[in-house]
Each structure stands twice: as C-alpha cells, then as structure tokens.
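Asker: My structure is below; once you've seen it, I'll send some questions.
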Amino acid sequence: MSLYHEAAEFLQSTPSEGGSLKARVFRRKDLKSPPNQLYALVLETCKWSGVLKEVVERAEILRHERKLTPALSLLLVHDLLLAKGGIALPQSHGLRQSVDRHRGRLSSELTLARVRRKAPTLEALREQVDRAAAGEEAEYPRWVRVNSLRSSVEEQLETTFARFGRAASLQDVMANSSRGGGEARKCVYVDEHVPGLLAVTQGTELTKTEAYTSGKIILQDKASCFPTYLLDPRCEDGDVIDACAAPGNKTTHLAAILHTHAPEFASPAQTIFAFEKDAARARTLEKMVKTAGARGVTRIGPGQDFLQVDPRADKYKDVGALLLDPSCSGSGIVGRDSMPELHLPELLDAANRKTGQTTTTKKKKKKKKNGPTPSTEDAQKHDSNPRKRKHADVEDPSDKILRDDEGNETVVTSEKDLQARLDALSGFQLALLLHAFEFPAARKVTYSTCSVHAEENESVVMLALASDIARRRGWRILRREEQVTGMREWPVRGVAAACGGDEDVAEGCIRSYKGDGRGVMGFFVAGFVRTGDDDDADYDGPQDGTGDVGEGPYVRDEQGVIVRDVAGMPVLKSTGLPVSLEPREADEGDGSHASSSDTSDGSEEDNNDGGDTDDEDEWNGFGD
C-alpha cells in the first residue's frame, strides 16, 4: 500500500517542489518503497496521464469509488492496464478491489482512447505517448558506450543490436528518432569520434536488456565521453584520479581505456582513485563500478572531498593523470529528467460525459482569482529557501530557472543573480583545478562541465593558466594538434574572445552545443599538460626511493620524455632497468569479457574482482 500512497504524494507535489523528480525521490530517507520502483511508477503514470484521465473519467470510477483520489486512480489504473506485473497489491486489498471491479469498463475505455488517437495497437499508442513525453530529447539519438571491459562493438552489433538497421550517418538516426522508434525504424550508427560509442534511435528501451544489466553497455551522452577520451590515460601515466566520480560513467570509462591500453608485457599495476564526497552518491558509484567490471582497478573514497586530499601523500605519488568534472550550472543538459504534464481526472457532469467536460471548471477559475491553491500555500509555508525553485510560485516568465547538474533548481530573477551564481560555481571549479595541478607526478589533467557559460569554461581555463602554480610547474593547454584523433577532429572549439583572443588556447578547448544538429548536449572540456622539468624549487613532497620527486614509475629525460631502451621498453625508476618482457598474466579483476552465463547483473562476479581489494578499507576512504 505504501507504494501507491507514496507515489500519489510525489504526483501531487510535483508542481510545488524544487529539484527534479529523480533527485526528490532518491534523497528521501523515509520511503518504505524501493526508490527505483517508485520513480518509474510516478514517471510512467505522469507520461500516460493524458490517456488515463479520459479512461478514468469515462469509466466513472471516481463517482462509484469514493475512497479513490484522482492521483491514486491514475496510478492504480496505470498498473492494472499497462504494467506487466499488474497492481502490486494482494487481490484482497481494498484499493486493488476498488479498481479490479471496473476492469472490463476500464479496458474498453482504453481501447476507445487508443482508437480516438488512431493507434492500431497498444504498442503504437505507447510510442505516441513516449514521443509526446520526450520533449526536446526526441530530437536526439540515444548514446550507448560499449564497455570494453565486458564486451566489444562487434559483439554488441551481433547481439543487442542485431535487429537494428545500420544507419549511414548520425542524421539518419536523428531523423528516425524524431519520427518515433518503431521496430521498422530502429537503427544504430557507430560514432566516428569516440571509440566504442554507438548512436541508436531515441525511444529504444535498453535498460532491460542483458547487455545493460550485465554492464556490457552503458548509457552515456557522447559529450560526456569527451573528458575521459581526451585524457587517454596509458600505462606510463601511472595512477589516475577521478575527482568528482559519481555516478560512475567517467570512472568506468577510465577503467575501460586503461584496459584497452594495457601492455602485453608485465608493467606496474595502475589504480583509479575515485572521489565522491556525498555518501549516497558514492554507493551509486560503487554499484556501477561493480557492474562494469572495474572494481579491480578502482578504489572509491566515499564521503571524501577531493579538495581535502593532500597531493603529497605517499599513496598519490604515482598519480600522473586527473579527470575533473565538477558541479556546474548544468545549462547544457538536454531535457534532464523533464516531467511530462500531469493530467488529473475529475468527476464528469452527467450531461457532459460524452464530451468530457467536467463539473469543476468554474470552481477552478474562481480559485485562480481568489488566491493560491492549497499546494501553493503549503509550498510558501514550508519554503525555507526563497531562492529554491517552487514551480507554483514562478509566475513571471522573465524569471530564469537555473538547474545544476545534480538536478537542484534555483530561480534567478535578474542577470545579477545569474552572475552571482556563476561566480560562485567558477570559484569552486578553479579551486578544484588548481588543486589538481599540485599533484607531484601529474602531467595530464582534463577539466569539463556540462555548462554553456564562458564563466565556467574558458574563463576558468584562463585563470588556471595564469595562476602561480601553473607558471611554477609548467602547466599549459593541451594543443589541438596534440589531442587524440577524435577530439582533434571535433569541429566545435572554444570561444576565442573568452580566451582573451588567444587562438591557441581557444583551439585547444572543445565545446558542444545542444540543438546544433550534432546530437549532443551542451558541454565543455579542456586538457592541460605539463612537460619538461618545471616544478616547485622548494618542493619536499614524497620521494619514490630514487631521491627524485615522484613523477610516475618511469625515468624521464630533461624534456619530460620517458627514457626507453633499444627495444623501446620504458626504464623503471625503482630498478633503473627496462621493463621486463615477461607476458602479462590475466588479472582477476582485469575486466576480461564476461559472458551472460557468468553473471546476470554483474554483482556476483564483481564481488570477486580484484581478489586483493579490501572492502572495509575501500569504504573507509583513502585517508590522508
């Protein structure tokens, strides 16, 4: 019973609560229902509410079942008619019986509603509903990253996407997405910029496939793959840090790239240090890392703030690459968790049952004149943060809603408010970037946001390059000609004016804009590199046993290039000898391809990944 009452509460509170539905559901600590089930029920019911409103009103169950509220009737009828498992209540339960006894009439009204919409089948009606609820997302493809720890593009094209047509271009996928995702129109396209990335028709249900549940495929926007691919960590880069890791898309992408670049000869083990200061989000990160088969190389610091970490701690002496994707304004996000319009059923006047007009129209108009609705009054009464978005309070269309990348919404009523918010975010972002520059062995850093504002992007880059730590240690922009092929060829670059007219820096920055026809959200990423021997003259950080400041496991020359022997093998600092040509043994947690018979959801197998990983140590964080 808790499921439907809790779902009804979220359905009715949607207009007056700040933040996205997903954020509100998952941050509630007092729920009795599983958050995933609750979120899915509320979202799907809201999507179908336009159809279900007609069904409930014409079947007149609110007239006959006085204990049913409009919200409960929508939820119960949705599960009765549309959910595979039916109503999640015992047959003897009063709520279930109040709907079950009208099953025949409700089913007939759903058929009539389908016919009125000229949908030949229920599946066709479902496509109509999904397309209407998709909003701006309908114009975009669905991006799927094939996880090389568990599968390959070839395998996925032959299995998960075997029945999909092969699109000749991304535009073909986007055109089919905008028309809807019927079986005849489903197609897939192999991306030309990011290795292992596929674009598929929008509306394709992938979360219930074996490939998704076992971690073989990961749903991740193309632009979100840019930072990891640009960083491109290799064995000579040593350990890697993901400074703001949850939910784990980029962390698992890092692990996949390390796996792809793993040398055939024996080499020092690499570790990904994944930081997440929010304990709840860290649990999501842990689950994703396990499912993706990346646990053997990943150490998670739950509840640990990257800014509080000592770069000179011995455990980080071999960190050569860092990925920073900090909180931002989220201004580039496409339709993130957008809620469809909710249509609540009402009692029909006997004279108007055929036309669908209600008896409460005049009352509703009167309420609008006389004052706020109860939900608005309640929102005003309990609103402890007047800047937090309360949808019912937002009357002025000139008000801007700033939703950050975690789903939190803030009303900004002026350009001054917006600028103050961006200044606060960019200050934090710059602090994070300068902290990354402090790591002794670091030679690669990527910085990214899902924002379109220059204040969070090029401005942060320019301030970082002009900083004292960047000058002392020799940090500079990763130039376009030095970037990996896909990123070098990406056509949209930084804004030169925001870079003070410095074309080299602007060309080194990578941008994307939503709605520009390239099928991605608004995004920004820049890479930084440090070459040569520039460093703090008085730095007395951890030593690596050779008397030198830690610069990774390999010897480098005066230009920062790794020293190699005549066979091309890098020379280890620890021994002064080239890396041995012994064959690399398969690691327990190296993420080798798992078949579907090995695991159903990735969790059992991943519990054995990396046999030397200590769960207790991992969940206590890294320490300082």
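Glycine is no exception: its Cβ is also placed from the backbone N, Cα and C atoms.
Keep in mind that what you see is a predicted model, and the values were worked out from it rather than measured.
Quick paste of what TrEMBL says about this protein:
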type	residues	note
ACT_SITE	CYS450	active site, nucleophile
BINDING	CYS244, ALA245, ALA246, PRO247, GLY248, ASN249, LYS250, GLU276, ASP305, ASP325	S-adenosyl-L-methionine binding site
COMPBIAS	361-370	compositional bias 'Basic residues'
COMPBIAS	378-405	compositional bias 'Basic and acidic residues'
COMPBIAS	601-624	compositional bias 'Acidic residues'
DOMAIN	132-531	domain 'SAM-dependent MTase RsmB/NOP-type'
REGION	347-410	region 'Disordered'
REGION	534-554	region 'Disordered'
REGION	567-624	region 'Disordered'
Asker: Given a separation of at least six residues and a C-beta threshold under 8 Å, show me what packs close to GLY248 (S-adenosyl-L-methionine binding site) in the same chain.
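Answerer: ALA274, THR284, LEU285, LYS287, MET288, VAL289, ALA292 - these are the non-local Cβ neighbours of GLY248 (S-adenosyl-L-methionine binding site), listed in sequence order.
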Asker: Counting across all protein chains present, how many other Cβ atoms fall within 10 Å of the Cβ of LYS250 (S-adenosyl-L-methionine binding site)?
Answerer: 25
Asker: At its widest, how many Å does the recorded S-adenosyl-L-methionine site span between Cα atoms of CYS244, ALA245, ALA246, PRO247, GLY248, ASN249, LYS250, GLU276, ASP305, ASP325?
Answerer: 19
Asker: Do you know the mean pLDDT across the domain 'SAM-dependent MTase RsmB/NOP-type' (132-531)?
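Answerer: Within the domain 'SAM-dependent MTase RsmB/NOP-type' (132-531), the model's average pLDDT equals 84.
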Asker: I need the CA-to-CA distance for CYS450 (active site, nucleophile) versus CYS244 (S-adenosyl-L-methionine binding site), whole Å please.
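Answerer: CYS244 (S-adenosyl-L-methionine binding site) has its Cα 13 Å from the Cα of CYS450 (active site, nucleophile).
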Asker: Let me spell it out: for each of the recorded positions (CYS244, CYS450), count the other Cβ atoms within 10 Å of that residue's Cβ, using every protein chain shown. Which one has the most?
Answerer: CYS450
Asker: Applying a 10 Å Cβ distance cut-off over all chains shown, what neighbour count does ALA246 (S-adenosyl-L-methionine binding site) have?
Answerer: 24
